[in-house]
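Enquirer: Starting off with a structure, shown below.
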Amino acid sequence: MIVPAGLSSSAAVAVALVVASLHLAVAAGARAAGQPSFRGGDIAGGGGPCALAVAPLGYPCEEHQVTTADGYILSLQRIPRGRGGGWAAGGRGGGGGARAGQPVLLQHGVLVDGMSWLLASPEESLPFILADRGFDVWIANNRGTRWSRRHVSLDPSSRLYWNWSWDDLVVNDLPAMVDFVCRQTGQKPHYVGHSMGTLVALAAFSEGRVVDQLKSAALLTPVAYLAHITTPIGILLARAFVGEIISDFLGVAEFNPLAPPVTSMIRAFCRRPGANCYDLVGSITGKNYCLNSSAVDVFLKYEPQPTSTKTMVHFAQTVRDGVLTKYDYVLPERNIASYGQAEPPVYEMSNIPAGFPLFLTYGGRDSLADPADVRLLLEDLRGHDPDKLTVQYLEQFAHLDFVIGVCAREYVYKDMIAFFDRFN
């Protein structure tokens, strides 16, 4: 791989690390000296999300595990009902002994895990809001993150463990988790995804996966196209093929934003004249409308999380190419070996079943899920059954407002729950 003129390989790597980690790694790198090093979670020892973030607030919580077809052991947390053993006002069902309510599966974005849904107060965090409304809440954790670092035969220290992109989440992780929730509850769940959680779902739906096992899907800041991102560093990343540089030249299979090589490079970037990395949060995600500093501080106690470098390369390809495809191995012979054709297959959004209920919500200030890119997705969905498609546009919102914004309950979750209620 040739580094573009005017961009040294070391500068390109530093840029890639900042961009790929988005707002999370930037902030973490600037504060790395005060952050704990990343370690895998010990759910069996009682240190999982249930014990850390759910049970102390008075909610019941269960830890579950599911194994994918390719051997990754994923963690899921279940909050089967609200506080007090029964249903809160406006909920469904009877008392504490009643059958659990309508299930809903929450899927996080890239470089975070399921904890990202649980870090605000019960009045502001989506899982608690749903549980108090009588929903049976399931929280997913992608492979490679703190609570999902096990495999039937591979160790996370090996390169083979990290040999996957988000294509593998489409084919293996999402179907495994949806099937598990269906079997455990005897019901079809609703689905909620944020950022990459929407990308994986949309790609799966376009291939006819899991749509028959879900009642509906709510997509917060939906990502199918990335051609219009307005983050200057992100554009530079895409043009520089930096992800391939990291993967091919440095041999980095795991992209861990808290690893010393990454944080040291980010700190070096942050020391450059005019670079204020804490301010870069807004410049990368867009100016968030209802975040407060305490929410960001709590967020950074638990995030970011690792992913595969291959996933970051895949994102860079999506930005550069303007089309949502499977992972591009660049060499035609490798694509032919993987897909039977020289170019990677395209995920056709127009193939999403027209009768599948979709709730899409996006923000006018989002620099990652740019409104222009969301409109491209909506154009693909123009043949969707209008009774099964609800679109919400919030001019003031940016990328993080939908998950940790203190006003998301009023602006987003209330309408989303009303949408779910139509299909319960």
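Note that the numbers count up from 1, one per residue, in the order the chain is shown.
Note: Cβ is positioned from N, Cα and C throughout, glycine not excepted.
So TrEMBL has the following annotated:
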- Ser195: active site, nucleophile (ACT_SITE)
- Asp366: active site, charge relay system (ACT_SITE)
- His399: active site, charge relay system (ACT_SITE)
- 56-119: domain 'Partial AB-hydrolase lipase' (DOMAIN)
- 129-238: domain 'Serine aminopeptidase S33' (DOMAIN)
- 1-27: signal peptide (SIGNAL)
Enquirer: Summarise the model confidence on the domain 'Partial AB-hydrolase lipase' (56-119) as a single mean pLDDT, whole number.
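Expert: Mean pLDDT across the domain 'Partial AB-hydrolase lipase' (56-119) comes out at 82.
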Enquirer: By DSSP, what is the split of the domain 'Serine aminopeptidase S33' (129-238) into helix, strand and coil residues?
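Expert: Taking the domain 'Serine aminopeptidase S33' (129-238) as a whole: 48 helix, 17 strand, 45 coil.
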Enquirer: Going along the chain, which residues six or more apart from Ser195 (active site, nucleophile) have their CB under 8 A from its CB?
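Expert: Ser195 (active site, nucleophile) has long-range Cβ partners His108, Gly109, Val110, Leu220, Thr221, Val223, Leu368, Ala369, His399.
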